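Below you'll find the structure, written out as structure tokens, and then a few comments.
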Amino acid sequence: MSVLVFENSTGRSRSVKRPRPVKSCAECRKRKLKCDRLCPCSQCQKSQRICKYSASEHDGGNTSDVSDAETPERPVKRPSRPSAVPLGETPGFARVSGPASSSGNAGPLEDITSRLERLERLIVEQRDAEQRPSRTKLHYPHVPAPAVTIRALSVKGGLRTRFFGQNSTKVLLNLFSEAKQFMNDMARTEGARELFVTLQKVYKALQEDHKRLLEPITVFVDSMMPVLKRMADILPKRPVCDRLLEAYIGASEGLYRVVHLPTFRQEYENYWQGKGHCEAFLPRLLCMMSIGSRFETEARGLGHDRLDSVHAPTALALVRNWLDGLRGKHLVDINTLQAEVLLVHAQRTITMHHQESWAQLGLIVRMAMTMGLHRDPSEFTHLTPFVAENRRKLWYTIMDMDLHVALQCNLPCAVQEGEYTCRPPRNLDDEDLYPDMRELPPSKPLDYPTSTQMQAYAASTLPARMRVAHIVNRLDTIKDYDEVLEAAMKLEQMIDDVNSIFPRHQALDTQQKFKEWRLRALLDMHVRRPLLALYRPFAMGTTNCPPHILNSYLRSSMTILTYMDELDHSVPGFEDVDHMYQVILKQEIIQAAFSVCYFIKTAPDTNSWGHWNPGTSPDPSEASSAATYDTRPIWSTKKLTQTVEKTMDSLISLIKDSSSDIRDIVALSVVLSSVQAGTPEQRFERITSGVRKILDTCLQSLKGKAGSTISPIPMTPALSANQPREIFMKPSTSGKWCAPAEEFPDEHTEEYQLWDNFIDHLTPDSGTIKQDFRSP
């Protein structure tokens, strides 16, 4: 729009441009580009620039060609006015078209224009928000999980205490009050007393047998000969060592990269050829032999015969003796650090003492930090590329082990995210690295198979997994589910990436005992383990949990219990793979089985085949410890029960293994029997039958061993008419199991004390319950 001013009668006119509102973004005006007036505009999107508009709605008269955000100090331009009429000229008439000729009428128009621009910007932003992946809108108030479902503390005499995290059987049993109370009462109940007392005696016999198997051979440990000479003496022949070394590499050097394999193989050859080796070679080799023996030999590394394996307890005792004798510069040697890591790894395959491993790994992490492994080698110019990359591999191995054990114990990691600068190792084969190299080759894509592929991917997920571990350790401070779901969504995406990069149902190589399948299963559990630890307090401890958490938690639990179904049980080598899976992931399997039992318990109708409606939760008024979640997944209650029963059979078959604890198995058996539908008599019979099956297996494993004098299992006698089984299967009005007080003697016999000691690990409040029963 223009303003024509007739200044004389001759008709000479002058065109004056009226100020127009600024509509293009600042970047397009500065570069003289055509702007489509979106936010962000197409030009800024192409060039990855920040798109900004001038705040014209705040100053309607601003017609500057530069945005206020760029030059706020620049004065506002004023519209040019018509020049004054020269003297001597007769003025004609001045005709002004439009209301813009008056400065007083410019305000309303500019105001309307600014409002339209603001409305347009809001519409564009809303459209862009709808096109982006929308974030889940949470409408679930956070309900803190009860402390008894997250942690527990065992106290003995007020001085001896032990902390238990949410993954321990002791804490998981708190979710099943009926089964827990049943176990507390059975030693003092006619019809099951003898059965459970016999179980305690069998447990003691098994403990003594395991203790005997784990004792090192004294002739080697107590000898006055140099420790390295004793290490050489317990090594088997070279063909056996070759087989055990390959077994270790196939079982461990995938996710946990400790040594550079070509270099170690060369040192291995030099040792057998008598060409000399470093002092730390034999300690590292013995740890590798112990790990290989656990998964490759029939004696599982606990036999004294050196014809096919090494005696792992003796080998590890000698390594510990050698490490304790080091002083000075040897404590900051990379080979010493490798021996420490291998020793902890080997010990964890024999006995699952998670808290001891957690303490040892804390020392190892600090030992590595004193050697500077937590800083990226690029910060130190005198480290060669070969040494630098091996340091990265070892650092991430230590971090992964520490995170794994910390999640098992529900205790903090030794290092938090941001406290280290070491970059993840590259996806390269060990053959691509050699001592004289000048620079590292570029990393291969993660979907390209190499000897470091598993660790390279696991290292890329480490920050997300460490954040989850930090959240798990401060659950009491969580105010809503936003932070939980945000961290969990990343882990679920990583699990999908594992399925994409390492297909789950690809061709299985039976020649190497399903090596690729085993490493892929361990990698999947590396990511799935923190997801389960994050979801469990909410899925099993709160009453108003988002349906996604419930379904995802159950789906992951079932995945753990059904992993072995992918393999053909008739293929040679299946038993070794199954044993390896059950031993390494034993705690995860038990936790998953308890979790599935919880979903069986909370099913709306345990007799139905399942038509749960995912996505709803009970009203707060309906919430209770036994609240029913109307979130049935794709599996029926019958399928869930069959899966746990199959898992129970696998756990029972491993009772004779040194890493097994029958208390966990007994607790799971009682829980599974108590959550299934049926009459009180049927549930009672299921519980006793399950315990009897465990006892049969225990007695079979003890049969023929020295010192095992266990009396036969007594048959469960029928209860008298005035002592119905319902009293053990129905809670009283106070919420506790009730039984006639006169049935309990005033003084506890030795059998009662045996049972109380047996369940103390699982139900620490048994003494309190006992007093409640005896009180009038």
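Backbone N, Cα and C atoms are what each Cβ position is placed from, and that goes for glycine too.
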Of the residue ranges 1-23, 415-437, 599-621, the one that TrEMBL records as region 'Disordered': 1-23
Tally of residues which DSSP labels helix, strand or coil - the domain 'Zn(2)-C6 fungal-type' (24-53): 11 helix, 0 strand, 19 coil
Average model confidence [pLDDT] within the domain 'Zn(2)-C6 fungal-type' (24-53): 80
